[in-house]
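Listed in TrEMBL:
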- 222-423: domain 'GMPS ATP-PPase' (DOMAIN)
- S250, G251, G252, V253, D254, S255, T256: ATP binding site (BINDING)
Amino acid sequence: MEDQGQAKKQKLSDESQVKISTLYDTILILDFGSQYSHLITRRIREVGVYCELLPCTQKIKDLDFKPKGVILSGSPYSITDADAPHVDPEVFNLGVPVLGICYGLQEISRVKGCGVTGLSRKSEYGFAQLKVVQSNFPHANELFAGIQDLTQVWMSHGDHIDNLPKDFEIIGSTETSGFAAIAHCTDPVYGIQFHPEVTHSVEGKTILQNFVKLICHCDSNWTMDSFVDKEIERIRKVVGENGSVVGAVSGGVDSTVAAVLMKRAIGDRFHAVLVDNGVMRMNECEQVKESLGSQLGINLRVVDAADLFLDKLANVKDPETKRKIIGNTFIEVFEKEAHIIDEECQNSGTGKINFLLQGTLYPDVIESISFKGPSATIKSHHNVGGLLADMRLELIEPLRELFKDEVRALGSILGVPDDLVWRHPFPGPGIAIRVLGEVTREQVKIARHADYIYIEEIKKANLYRSISQAYAALLPVRSVGVMGDCRTYEQVIALRAVETTDFMTADWFDIPVPVLKRISNRILNEVDGVNRVVYDISSKPPATIEWE
Ligand code: XMP
(Lines of atoms letter the chains of each structure in order from A; the text may use other names.)
(Lines give C-alpha, C1' and ligand atoms only; values in the text may rest on other atoms or scores of the structure.)
Protein backbone atom coordinates (compact mmCIF):
# COMPACT_ATOMS: atom_id res chain seq x y z
CA MET A 1 0.00 0.00 0.00
CA GLU A 2 2.76 2.36 0.99
CA ASP A 3 4.55 1.71 -2.31
CA GLN A 4 1.38 2.48 -4.22
CA GLY A 5 0.96 5.67 -2.26
CA GLN A 6 4.53 6.66 -3.06
CA ALA A 7 4.11 5.84 -6.75
CA LYS A 8 0.93 7.90 -6.89
CA LYS A 9 2.58 10.76 -5.07
CA GLN A 10 5.53 10.67 -7.48
CA LYS A 11 3.17 10.65 -10.45
CA LEU A 12 1.20 13.60 -9.14
CA SER A 13 4.46 15.36 -8.49
CA ASP A 14 5.68 14.76 -12.04
CA GLU A 15 2.41 15.97 -13.49
CA SER A 16 2.58 19.19 -11.56
CA GLN A 17 6.04 20.07 -12.89
CA VAL A 18 6.72 22.12 -15.99
CA LYS A 19 10.25 20.91 -16.75
CA ILE A 20 13.07 23.36 -16.16
CA SER A 21 15.10 21.45 -18.77
CA THR A 22 12.72 22.79 -21.42
CA LEU A 23 13.50 26.39 -20.37
CA TYR A 24 17.33 26.28 -20.38
CA ASP A 25 20.06 24.87 -22.64
CA THR A 26 20.54 21.56 -20.88
CA ILE A 27 23.37 19.05 -20.70
CA LEU A 28 22.29 15.48 -20.00
CA ILE A 29 24.57 13.53 -17.68
CA LEU A 30 23.99 9.79 -17.71
CA ASP A 31 24.94 8.26 -14.39
CA PHE A 32 26.63 4.87 -14.37
CA GLY A 33 26.89 4.95 -10.58
CA SER A 34 30.22 6.66 -9.96
CA GLN A 35 30.66 8.27 -6.55
CA TYR A 36 31.65 11.43 -8.46
CA SER A 37 28.63 11.66 -10.81
CA HIS A 38 26.87 14.40 -8.85
CA LEU A 39 30.11 16.42 -8.93
CA ILE A 40 29.93 16.58 -12.73
CA THR A 41 26.51 18.19 -12.27
CA ARG A 42 27.90 20.63 -9.68
CA ARG A 43 30.86 21.73 -11.83
CA ILE A 44 28.73 22.34 -14.92
CA ARG A 45 26.18 24.35 -13.00
CA GLU A 46 29.06 26.34 -11.50
CA VAL A 47 29.95 27.55 -15.00
CA GLY A 48 26.34 28.72 -15.45
CA VAL A 49 25.03 25.88 -17.59
CA TYR A 50 21.98 23.87 -16.55
CA CYS A 51 22.37 20.10 -16.52
CA GLU A 52 20.45 17.10 -15.28
CA LEU A 53 21.67 13.76 -14.05
CA LEU A 54 19.60 10.77 -15.16
CA PRO A 55 20.24 7.06 -14.71
CA CYS A 56 22.32 5.42 -17.46
CA THR A 57 19.32 3.22 -18.25
CA GLN A 58 17.47 6.26 -19.64
CA LYS A 59 16.13 5.55 -23.13
CA ILE A 60 16.71 8.44 -25.48
CA LYS A 61 13.27 8.08 -27.06
CA ASP A 62 11.69 8.67 -23.63
CA LEU A 63 13.54 11.95 -22.96
CA ASP A 64 11.15 14.87 -22.59
CA PHE A 65 13.75 17.46 -23.59
CA LYS A 66 16.45 17.76 -26.22
CA PRO A 67 19.88 18.02 -24.57
CA LYS A 68 22.61 20.19 -26.11
CA GLY A 69 25.21 17.58 -25.18
CA VAL A 70 25.57 14.32 -23.29
CA ILE A 71 28.12 13.23 -20.68
CA LEU A 72 28.61 9.60 -19.71
CA SER A 73 29.85 9.30 -16.13
CA GLY A 74 32.26 6.90 -14.47
CA SER A 75 31.12 3.72 -12.77
CA PRO A 76 32.09 1.22 -10.08
CA TYR A 77 31.49 -1.55 -12.68
CA SER A 78 34.07 -3.06 -14.96
CA ILE A 79 32.87 -2.81 -18.53
CA THR A 80 33.57 -6.51 -18.91
CA ASP A 81 31.22 -7.48 -16.03
CA ALA A 82 28.29 -9.58 -17.21
CA ASP A 83 25.85 -7.19 -15.51
CA ALA A 84 27.70 -4.00 -16.52
CA PRO A 85 25.30 -1.17 -17.39
CA HIS A 86 25.34 0.05 -20.99
CA VAL A 87 24.36 3.27 -22.71
CA ASP A 88 21.45 3.49 -25.13
CA PRO A 89 23.37 3.64 -28.49
CA GLU A 90 20.77 6.20 -29.65
CA VAL A 91 22.83 8.74 -27.68
CA PHE A 92 25.15 8.81 -30.67
CA ASN A 93 22.28 9.50 -33.10
CA LEU A 94 21.04 12.57 -31.22
CA GLY A 95 23.36 14.74 -33.28
CA VAL A 96 24.85 16.43 -30.19
CA PRO A 97 28.37 16.22 -28.70
CA VAL A 98 29.15 13.35 -26.33
CA LEU A 99 31.84 13.23 -23.64
CA GLY A 100 32.68 9.97 -21.86
CA ILE A 101 34.45 10.16 -18.51
CA CYS A 102 36.40 7.09 -17.32
CA TYR A 103 33.84 4.26 -17.69
CA GLY A 104 32.08 6.60 -20.15
CA LEU A 105 35.21 6.58 -22.34
CA GLN A 106 35.19 2.79 -22.26
CA GLU A 107 31.49 2.74 -23.16
CA ILE A 108 32.21 4.97 -26.16
CA SER A 109 35.02 2.63 -27.18
CA ARG A 110 32.77 -0.40 -26.83
CA VAL A 111 29.94 1.15 -28.87
CA LYS A 112 32.36 2.48 -31.47
CA GLY A 113 33.81 -0.90 -32.22
CA CYS A 114 36.78 -1.23 -29.92
CA GLY A 115 35.35 -4.49 -28.56
CA VAL A 116 35.75 -5.85 -25.10
CA THR A 117 39.11 -7.31 -26.06
CA GLY A 118 40.36 -3.78 -26.50
CA LEU A 119 40.06 -3.17 -22.77
CA SER A 120 42.57 -4.35 -20.28
CA ARG A 121 42.16 -4.49 -16.54
CA LYS A 122 44.82 -2.43 -14.85
CA SER A 123 43.82 -0.20 -12.01
CA GLU A 124 45.21 3.24 -11.48
CA TYR A 125 44.36 5.56 -8.63
CA GLY A 126 45.76 8.99 -7.86
CA PHE A 127 47.50 11.90 -9.56
CA ALA A 128 48.89 11.73 -13.11
CA GLN A 129 50.36 14.27 -15.53
CA LEU A 130 48.29 14.61 -18.68
CA LYS A 131 50.25 15.50 -21.82
CA VAL A 132 47.95 17.29 -24.26
CA VAL A 133 48.42 16.06 -27.85
CA GLN A 134 47.53 18.55 -30.61
CA SER A 135 45.25 17.27 -33.35
CA ASN A 136 44.97 18.28 -37.00
CA PHE A 137 41.18 18.39 -36.52
CA PRO A 138 40.24 21.74 -34.97
CA HIS A 139 37.18 20.43 -33.10
CA ALA A 140 39.34 17.81 -31.36
CA ASN A 141 41.51 20.56 -29.83
CA GLU A 142 38.54 22.41 -28.35
CA LEU A 143 38.24 20.14 -25.31
CA PHE A 144 41.66 21.23 -24.00
CA ALA A 145 41.53 24.83 -25.28
CA GLY A 146 43.44 27.21 -23.03
CA ILE A 147 45.08 24.41 -21.06
CA GLN A 148 48.84 24.00 -20.56
CA ASP A 149 50.51 21.14 -22.47
CA LEU A 150 51.17 19.34 -19.20
CA THR A 151 48.49 19.36 -16.51
CA GLN A 152 47.74 17.39 -13.36
CA VAL A 153 44.70 15.07 -13.50
CA TRP A 154 43.07 12.58 -11.14
CA MET A 155 42.80 8.94 -12.15
CA SER A 156 40.52 6.40 -10.51
CA HIS A 157 39.83 3.39 -12.72
CA GLY A 158 40.10 -0.37 -13.01
CA ASP A 159 39.91 -0.85 -16.80
CA HIS A 160 41.52 1.10 -19.57
CA ILE A 161 41.41 0.79 -23.34
CA ASP A 162 44.53 -0.34 -25.14
CA ASN A 163 43.26 0.05 -28.72
CA LEU A 164 41.91 3.15 -30.36
CA PRO A 165 38.33 2.79 -31.59
CA LYS A 166 37.98 3.25 -35.37
CA ASP A 167 38.26 6.88 -36.57
CA PHE A 168 39.38 8.14 -33.15
CA GLU A 169 42.70 9.74 -32.34
CA ILE A 170 44.65 10.44 -29.20
CA ILE A 171 44.39 13.96 -27.78
CA GLY A 172 46.04 13.27 -24.42
CA SER A 173 48.22 10.68 -22.73
CA THR A 174 49.81 10.00 -19.37
CA GLU A 175 52.83 7.89 -18.46
CA THR A 176 50.67 4.84 -17.76
CA SER A 177 47.72 5.56 -20.01
CA GLY A 178 48.45 5.95 -23.73
CA PHE A 179 44.76 6.68 -24.39
CA ALA A 180 44.03 9.07 -21.53
CA ALA A 181 42.02 11.32 -23.88
CA ILE A 182 40.61 10.54 -27.33
CA ALA A 183 38.43 12.31 -29.87
CA HIS A 184 36.59 11.21 -32.99
CA CYS A 185 38.16 12.56 -36.18
CA THR A 186 35.00 14.13 -37.56
CA ASP A 187 32.26 13.98 -34.90
CA PRO A 188 32.22 15.84 -31.56
CA VAL A 189 32.67 12.67 -29.52
CA TYR A 190 35.33 12.69 -26.79
CA GLY A 191 36.53 10.32 -24.10
CA ILE A 192 38.76 11.00 -21.12
CA GLN A 193 40.10 8.42 -18.72
CA PHE A 194 40.62 10.86 -15.82
CA HIS A 195 38.03 12.65 -13.69
CA PRO A 196 37.72 16.37 -14.53
CA GLU A 197 34.94 16.77 -11.94
CA VAL A 198 37.19 16.30 -8.90
CA THR A 199 39.18 19.33 -7.83
CA HIS A 200 42.45 17.32 -7.91
CA SER A 201 42.26 17.63 -11.72
CA VAL A 202 43.65 21.16 -11.86
CA GLU A 203 42.06 22.16 -15.18
CA GLY A 204 39.04 19.88 -14.75
CA LYS A 205 36.51 22.69 -14.56
CA THR A 206 37.98 24.35 -17.68
CA ILE A 207 37.70 21.05 -19.57
CA LEU A 208 34.04 20.68 -18.61
CA GLN A 209 33.46 24.34 -19.43
CA ASN A 210 35.08 23.86 -22.86
CA PHE A 211 32.81 20.91 -23.50
CA VAL A 212 29.57 22.64 -22.56
CA LYS A 213 30.33 26.09 -23.96
CA LEU A 214 32.79 25.73 -26.86
CA ILE A 215 31.67 22.34 -28.09
CA CYS A 216 27.96 22.16 -27.14
CA HIS A 217 27.42 25.94 -27.52
CA CYS A 218 25.32 26.19 -24.36
CA ASP A 219 24.34 29.64 -23.12
CA SER A 220 25.58 30.21 -19.62
CA ASN A 221 22.26 31.52 -18.40
CA TRP A 222 21.77 29.24 -15.40
CA THR A 223 21.85 31.83 -12.63
CA MET A 224 19.58 32.13 -9.65
CA ASP A 225 18.57 35.58 -10.94
CA SER A 226 17.18 34.03 -14.10
CA PHE A 227 15.71 31.11 -12.14
CA VAL A 228 13.59 33.39 -9.94
CA ASP A 229 11.48 34.81 -12.76
CA LYS A 230 11.17 31.51 -14.64
CA GLU A 231 10.26 29.64 -11.47
CA ILE A 232 7.66 32.18 -10.38
CA GLU A 233 6.08 31.95 -13.81
CA ARG A 234 6.20 28.16 -13.63
CA ILE A 235 4.55 28.09 -10.18
CA ARG A 236 1.78 30.42 -11.40
CA LYS A 237 1.14 28.17 -14.38
CA VAL A 238 1.08 25.00 -12.29
CA VAL A 239 -1.11 26.36 -9.49
CA GLY A 240 -3.47 28.25 -11.79
CA GLU A 241 -5.39 31.46 -11.12
CA ASN A 242 -7.58 30.11 -8.35
CA GLY A 243 -5.45 27.38 -6.80
CA SER A 244 -4.11 27.56 -3.24
CA VAL A 245 -1.12 25.91 -1.63
CA VAL A 246 -0.38 24.81 1.91
CA GLY A 247 3.10 24.06 3.24
CA ALA A 248 4.95 23.53 6.49
CA VAL A 249 7.79 25.89 7.40
CA SER A 250 10.42 25.29 10.05
CA GLY A 251 12.68 28.32 9.94
CA GLY A 252 15.31 26.33 8.02
CA VAL A 253 16.71 27.67 4.76
CA ASP A 254 14.93 25.22 2.42
CA SER A 255 11.40 25.70 3.69
CA THR A 256 11.96 29.46 4.03
CA VAL A 257 13.22 29.93 0.47
CA ALA A 258 10.44 27.71 -0.91
CA ALA A 259 7.89 29.73 1.05
CA VAL A 260 9.23 33.08 -0.17
CA LEU A 261 9.10 31.86 -3.77
CA MET A 262 5.49 30.79 -3.28
CA LYS A 263 4.62 34.12 -1.69
CA ARG A 264 6.15 35.94 -4.68
CA ALA A 265 4.24 33.72 -7.10
CA ILE A 266 0.78 33.50 -5.58
CA GLY A 267 0.75 35.89 -2.60
CA ASP A 268 -1.62 34.98 0.21
CA ARG A 269 -2.93 31.96 -1.64
CA PHE A 270 0.11 30.28 -0.14
CA HIS A 271 -0.64 29.28 3.45
CA ALA A 272 2.41 28.51 5.58
CA VAL A 273 2.08 26.51 8.78
CA LEU A 274 4.64 26.43 11.55
CA VAL A 275 4.06 23.65 14.04
CA ASP A 276 5.59 24.42 17.43
CA ASN A 277 6.52 20.93 18.58
CA GLY A 278 8.07 22.06 21.87
CA VAL A 279 11.52 20.86 20.82
CA MET A 280 12.63 23.74 18.61
CA ARG A 281 15.58 25.93 19.56
CA MET A 282 15.27 28.67 22.19
CA ASN A 283 13.03 31.55 20.97
CA GLU A 284 12.94 29.96 17.51
CA CYS A 285 9.20 30.02 17.13
CA GLU A 286 9.02 33.74 17.84
CA GLN A 287 11.94 34.39 15.49
CA VAL A 288 10.31 32.48 12.63
CA LYS A 289 7.06 34.32 13.23
CA GLU A 290 8.90 37.63 13.12
CA SER A 291 11.07 36.95 10.08
CA LEU A 292 8.71 34.92 7.87
CA GLY A 293 5.47 36.54 8.97
CA SER A 294 6.32 40.16 9.74
CA GLN A 295 9.48 40.73 7.68
CA LEU A 296 8.89 38.56 4.62
CA GLY A 297 5.12 38.99 4.64
CA ILE A 298 4.26 35.31 4.34
CA ASN A 299 0.72 34.28 5.20
CA LEU A 300 1.80 32.26 8.24
CA ARG A 301 -0.03 30.60 11.07
CA VAL A 302 1.63 29.06 14.08
CA VAL A 303 0.11 26.02 15.75
CA ASP A 304 1.14 25.64 19.37
CA ALA A 305 1.31 21.87 19.80
CA ALA A 306 4.20 21.80 22.29
CA ASP A 307 2.20 20.11 25.04
CA LEU A 308 0.84 17.47 22.70
CA PHE A 309 4.36 16.52 21.50
CA LEU A 310 5.96 16.63 24.94
CA ASP A 311 3.18 14.57 26.52
CA LYS A 312 3.60 11.92 23.84
CA LEU A 313 7.37 11.88 24.39
CA ALA A 314 7.03 11.24 28.13
CA ASN A 315 8.99 8.16 29.27
CA VAL A 316 10.35 7.49 25.76
CA LYS A 317 14.10 6.92 25.60
CA ASP A 318 14.72 5.17 22.31
CA PRO A 319 15.91 7.59 19.56
CA GLU A 320 14.02 5.95 16.72
CA THR A 321 10.79 5.84 18.76
CA LYS A 322 11.24 9.56 19.47
CA ARG A 323 11.62 10.20 15.74
CA LYS A 324 8.49 8.20 14.93
CA ILE A 325 6.39 9.92 17.58
CA ILE A 326 7.47 13.35 16.40
CA GLY A 327 6.98 12.48 12.71
CA ASN A 328 3.50 11.01 13.25
CA THR A 329 2.35 13.76 15.58
CA PHE A 330 3.57 16.33 13.08
CA ILE A 331 1.43 14.74 10.35
CA GLU A 332 -1.57 14.65 12.70
CA VAL A 333 -1.26 18.35 13.64
CA PHE A 334 -0.41 19.58 10.16
CA GLU A 335 -3.27 17.64 8.55
CA LYS A 336 -5.76 19.06 11.01
CA GLU A 337 -4.57 22.59 10.30
CA ALA A 338 -4.59 22.07 6.53
CA HIS A 339 -8.24 20.97 6.74
CA ILE A 340 -9.10 24.09 8.76
CA ILE A 341 -7.36 26.30 6.19
CA ASP A 342 -9.12 24.50 3.34
CA GLU A 343 -12.50 25.04 4.97
CA GLU A 344 -11.75 28.71 5.64
CA CYS A 345 -10.71 29.19 2.02
CA GLN A 346 -13.86 27.58 0.73
CA ASN A 347 -16.09 29.55 3.10
CA SER A 348 -14.51 32.83 2.11
CA GLY A 349 -14.81 31.99 -1.58
CA THR A 350 -11.03 32.05 -2.18
CA GLY A 351 -11.02 28.57 -3.65
CA LYS A 352 -9.71 25.32 -2.33
CA ILE A 353 -6.30 24.06 -1.29
CA ASN A 354 -5.02 21.84 -4.09
CA PHE A 355 -1.23 21.74 -3.64
CA LEU A 356 1.18 20.78 -0.90
CA LEU A 357 4.55 22.57 -0.92
CA GLN A 358 7.65 20.53 -0.22
CA GLY A 359 11.24 21.76 0.01
CA THR A 360 12.76 18.73 -1.78
CA LEU A 361 16.29 19.46 -3.08
CA TYR A 362 18.17 17.99 -6.06
CA PRO A 363 20.34 15.60 -4.00
CA ASP A 364 17.11 13.92 -2.78
CA VAL A 365 15.92 13.65 -6.38
CA ILE A 366 19.26 12.21 -7.55
CA GLU A 367 19.16 9.70 -4.73
CA SER A 368 15.64 8.58 -5.55
CA ILE A 369 16.28 8.06 -9.28
CA SER A 370 19.63 6.28 -8.96
CA PHE A 371 19.82 3.34 -11.35
CA LYS A 372 21.02 1.28 -8.40
CA GLY A 373 17.56 1.80 -6.90
CA PRO A 374 16.26 4.32 -4.39
CA SER A 375 18.43 4.55 -1.33
CA ALA A 376 17.05 3.33 1.95
CA THR A 377 18.80 6.16 3.75
CA ILE A 378 16.21 8.89 3.14
CA LYS A 379 15.25 10.02 6.61
CA SER A 380 11.79 9.18 7.82
CA HIS A 381 11.32 12.89 8.53
CA HIS A 382 11.54 13.73 4.84
CA ASN A 383 9.35 10.86 3.82
CA VAL A 384 5.96 12.23 4.72
CA GLY A 385 4.17 9.04 3.63
CA GLY A 386 0.42 9.43 3.47
CA LEU A 387 0.46 13.11 4.39
CA LEU A 388 -2.81 14.74 3.30
CA ALA A 389 -3.68 11.76 1.09
CA ASP A 390 -7.40 12.24 1.73
CA MET A 391 -7.24 15.84 0.52
CA ARG A 392 -5.82 14.55 -2.78
CA LEU A 393 -3.23 17.29 -2.89
CA GLU A 394 -0.58 17.42 -5.57
CA LEU A 395 2.99 18.11 -4.56
CA ILE A 396 4.71 21.27 -5.65
CA GLU A 397 8.48 21.26 -5.25
CA PRO A 398 10.05 24.51 -6.50
CA LEU A 399 13.56 23.61 -5.26
CA ARG A 400 13.73 20.11 -6.69
CA GLU A 401 16.34 21.11 -9.33
CA LEU A 402 18.60 22.95 -6.87
CA PHE A 403 21.63 22.08 -4.77
CA LYS A 404 21.90 23.58 -1.28
CA ASP A 405 24.33 26.33 -2.30
CA GLU A 406 21.96 27.29 -5.12
CA VAL A 407 19.09 27.48 -2.60
CA ARG A 408 21.21 29.81 -0.46
CA ALA A 409 22.04 32.03 -3.45
CA LEU A 410 18.36 32.09 -4.35
CA GLY A 411 17.44 33.00 -0.77
CA SER A 412 19.77 36.00 -0.84
CA ILE A 413 18.32 37.17 -4.15
CA LEU A 414 14.82 36.88 -2.70
CA GLY A 415 15.80 39.06 0.26
CA VAL A 416 15.81 36.32 2.90
CA PRO A 417 17.88 37.66 5.85
CA ASP A 418 21.44 36.31 6.09
CA ASP A 419 20.88 34.63 9.43
CA LEU A 420 18.17 32.46 7.85
CA VAL A 421 20.10 31.82 4.62
CA TRP A 422 23.17 30.60 6.52
CA ARG A 423 21.38 28.86 9.37
CA HIS A 424 22.87 25.51 10.38
CA PRO A 425 20.65 22.52 9.57
CA PHE A 426 18.34 21.45 12.38
CA PRO A 427 16.84 17.95 12.46
CA GLY A 428 13.07 17.50 12.28
CA PRO A 429 12.97 15.82 15.74
CA GLY A 430 14.87 18.85 17.06
CA ILE A 431 16.13 18.98 20.59
CA ALA A 432 14.36 15.68 21.37
CA ILE A 433 17.33 13.83 19.81
CA ARG A 434 19.78 16.18 21.53
CA VAL A 435 18.39 15.44 24.98
CA LEU A 436 19.72 11.93 25.34
CA GLY A 437 17.34 9.58 27.08
CA GLU A 438 13.99 10.81 28.33
CA VAL A 439 12.74 14.13 27.01
CA THR A 440 11.16 16.22 29.78
CA ARG A 441 10.27 19.89 29.74
CA GLU A 442 13.06 20.55 32.24
CA GLN A 443 15.66 18.69 30.15
CA VAL A 444 14.59 20.53 26.98
CA LYS A 445 14.95 23.83 28.84
CA ILE A 446 18.53 23.00 29.91
CA ALA A 447 19.61 21.79 26.44
CA ARG A 448 18.02 24.83 24.77
CA HIS A 449 19.69 27.30 27.09
CA ALA A 450 23.15 25.72 26.69
CA ASP A 451 22.69 25.56 22.91
CA TYR A 452 21.68 29.23 22.79
CA ILE A 453 24.83 30.31 24.64
CA TYR A 454 27.03 28.06 22.48
CA ILE A 455 25.67 29.42 19.20
CA GLU A 456 25.78 33.00 20.46
CA GLU A 457 29.49 32.66 21.34
CA ILE A 458 30.33 30.95 18.03
CA LYS A 459 28.70 33.86 16.22
CA LYS A 460 30.56 36.40 18.34
CA ALA A 461 33.84 34.63 17.50
CA ASN A 462 32.94 34.84 13.79
CA LEU A 463 33.03 31.07 13.41
CA TYR A 464 29.38 30.34 12.61
CA ARG A 465 29.76 30.39 8.82
CA SER A 466 32.93 28.21 8.90
CA ILE A 467 31.17 25.53 10.93
CA SER A 468 28.65 23.39 9.04
CA GLN A 469 26.61 22.43 12.08
CA ALA A 470 26.96 23.06 15.81
CA TYR A 471 24.75 22.28 18.77
CA ALA A 472 24.76 21.36 22.44
CA ALA A 473 23.57 17.93 23.60
CA LEU A 474 22.46 17.09 27.13
CA LEU A 475 23.91 13.77 28.26
CA PRO A 476 21.93 11.35 30.43
CA VAL A 477 24.61 11.14 33.12
CA ARG A 478 25.41 13.06 36.27
CA SER A 479 28.86 13.86 37.50
CA VAL A 480 30.27 15.18 40.73
CA GLY A 481 31.37 18.80 40.94
CA VAL A 482 31.95 21.54 43.45
CA MET A 483 30.34 24.94 43.63
CA GLY A 484 31.40 27.33 46.39
CA ASP A 485 31.81 25.05 49.38
CA CYS A 486 29.22 22.55 48.22
CA ARG A 487 29.42 19.29 46.35
CA THR A 488 27.20 19.15 43.25
CA TYR A 489 25.89 16.16 41.35
CA GLU A 490 24.61 17.51 38.05
CA GLN A 491 24.37 16.99 34.32
CA VAL A 492 26.84 17.16 31.43
CA ILE A 493 26.61 19.23 28.24
CA ALA A 494 28.45 17.94 25.16
CA LEU A 495 29.35 20.52 22.51
CA ARG A 496 29.34 19.30 18.90
CA ALA A 497 30.69 21.24 15.89
CA VAL A 498 31.44 19.72 12.50
CA GLU A 499 32.75 20.70 9.10
CA THR A 500 31.29 18.90 6.11
CA THR A 501 30.15 19.44 2.55
CA ASP A 502 27.61 16.64 2.24
CA PHE A 503 26.77 15.64 5.85
CA MET A 504 27.52 12.02 4.87
CA THR A 505 31.03 12.33 6.27
CA ALA A 506 32.22 15.06 8.63
CA ASP A 507 35.26 16.22 10.60
CA TRP A 508 35.01 17.74 14.04
CA PHE A 509 35.70 21.46 13.96
CA ASP A 510 38.74 22.85 15.69
CA ILE A 511 37.23 25.67 17.81
CA PRO A 512 40.04 27.78 19.31
CA VAL A 513 40.63 27.07 23.00
CA PRO A 514 39.87 30.64 24.23
CA VAL A 515 36.44 30.42 22.56
CA LEU A 516 35.80 27.01 24.13
CA LYS A 517 36.79 28.46 27.50
CA ARG A 518 34.29 31.30 27.15
CA ILE A 519 31.51 28.93 26.11
CA SER A 520 32.20 26.53 28.95
CA ASN A 521 32.37 29.34 31.52
CA ARG A 522 29.10 30.81 30.43
CA ILE A 523 27.26 27.49 30.34
CA LEU A 524 28.53 26.51 33.79
CA ASN A 525 27.59 29.88 35.23
CA GLU A 526 24.32 30.51 33.47
CA VAL A 527 22.63 27.15 32.96
CA ASP A 528 21.11 25.65 36.08
CA GLY A 529 21.60 21.92 36.49
CA VAL A 530 24.90 21.63 34.56
CA ASN A 531 28.30 21.27 36.23
CA ARG A 532 30.43 19.87 33.37
CA VAL A 533 30.98 20.70 29.67
CA VAL A 534 32.79 18.39 27.24
CA TYR A 535 33.81 18.85 23.59
CA ASP A 536 33.05 16.08 21.10
CA ILE A 537 36.12 15.26 18.98
CA SER A 538 34.66 12.41 16.92
CA SER A 539 34.54 12.43 13.16
CA LYS A 540 31.78 10.84 11.08
CA PRO A 541 32.24 7.94 10.54
CA PRO A 542 32.41 6.22 12.95
CA ALA A 543 30.30 8.71 14.95
CA THR A 544 27.26 10.47 13.45
CA ILE A 545 26.64 14.20 13.64
CA GLU A 546 23.69 13.86 15.99
CA TRP A 547 24.21 11.89 19.20
CA GLU A 548 20.94 10.02 18.70
P1 XMP B 1 23.70 12.19 11.25
O2 XMP B 1 23.39 12.27 12.72
O3 XMP B 1 22.97 11.08 10.56
O4 XMP B 1 23.13 13.55 10.63
O5 XMP B 1 25.16 12.19 10.97
C6 XMP B 1 23.34 13.99 9.32
C7 XMP B 1 22.47 15.22 9.10
O8 XMP B 1 21.08 14.85 9.17
C9 XMP B 1 20.43 15.55 10.22
N10 XMP B 1 19.50 14.61 10.83
C11 XMP B 1 18.16 14.65 10.66
N12 XMP B 1 17.40 15.50 9.97
N13 XMP B 1 15.50 14.30 10.66
C14 XMP B 1 16.06 15.34 10.00
O15 XMP B 1 15.35 16.14 9.43
C16 XMP B 1 16.19 13.40 11.37
O17 XMP B 1 15.64 12.49 11.97
C18 XMP B 1 17.60 13.59 11.37
N19 XMP B 1 18.63 12.91 11.94
C20 XMP B 1 19.78 13.56 11.59
C21 XMP B 1 21.53 16.01 11.15
O22 XMP B 1 21.15 17.14 11.91
C23 XMP B 1 22.66 16.29 10.17
O24 XMP B 1 22.51 17.56 9.58
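Each Cβ is built from the backbone N, Cα and C atoms, and glycine gets one as well.
Location within the structure of each feature annotated in TrEMBL.
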residue: S250; record: ATP binding site; Cβ neighbours (10 Å): 19
residue: G251; record: ATP binding site; Cβ neighbours (10 Å): 19
residue: G252; record: ATP binding site; Cβ neighbours (10 Å): 17
residue: V253; record: ATP binding site; Cβ neighbours (10 Å): 22
residue: D254; record: ATP binding site; Cβ neighbours (10 Å): 20
residue: S255; record: ATP binding site; Cβ neighbours (10 Å): 21
residue: T256; record: ATP binding site; Cβ neighbours (10 Å): 27
Environment of S250, G251, G252, V253, D254, S255, T256, the listed ATP site - residues of the same chain whose CB lies within 8 A of the CB centroid: V249, V257, A258, G359, L420, R423
Whole-number mean of pLDDT values that fall within the domain 'GMPS ATP-PPase' (222-423): 90
Where S250 (ATP binding site) sits in the secondary structure, as DSSP reduces it to three classes: coil
T256 (ATP binding site): secondary structure state under DSSP, collapsed to three categories: helix
